[in-house]
Amino acid sequence: MENDEVDMLGSDNNEADLDDMKKRLKEMEDEAAALREMQAKVEKEMGSVQDPATAAASQNNKEEVDSRSVFVGNVDYSCTPEEVQQHFQSCGTVNRVTIRTDKFGQPKGYAYVEFLEVEAVQEALLLNESELHGRQLKVTAKRTNIPGMKQYRPRRPNPYMGFRGRTPYAPPFAFAPYGYGKTPRFRMAMRYSPYY
């Protein structure tokens, strides 16, 4: 009889342990599913997993949005997006106003206005040199950045190399003041050159 009671208590403990383990397993599976969902959401937002077709579609979408947008320069720092929207309301329906800010949250002095219709951009360009908060606005069509196309900036000449002038085949020096192959042990002072 006593052995039967011990077995009964043991089976109750086993069932309780089994139920407890099932609960913990269920919680872990729920957490794993939530993590997978969050990871997929982050990847979608960041665009890290993009196939070429999706990238091309997003580029086309960006170009289409840019064709409906204008750049507004010389915007007063105290101007709000609502005031800019009201200024451009006569051109057409304003979809979005973005006033760019620096890393401290201070406005940079320019904004982008996106319209619902492409025709509104031409109307907005007529507001070039109009005034808002006492400042003359500069309104131009927004351009689409092409990745990898940076402006060419030529290399700055080294002031420690000789001045070569305009003829490419002229020797750098007429004579060597310190002897051939000899250079002074001190550095030459940097000269002010305004065009480089």
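A Cβ is built for glycine as well, from the same backbone N, Cα and C atoms used for every other residue.
Nobody curates TrEMBL annotations by hand; they come from automatic prediction.
TrEMBL annotations:
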- 1-22: region 'Disordered' (REGION)
- 43-64: region 'Disordered' (REGION)
- 68-144: domain 'RRM' (DOMAIN)
- Note on the structure: On the domain 'RRM' (68-144), the mean of the pLDDT values is 93
- Task: Please spell out the DSSP helix, strand and coil residue counts for the domain 'RRM' (68-144).
- Result: 15 helix, 30 strand, 32 coil
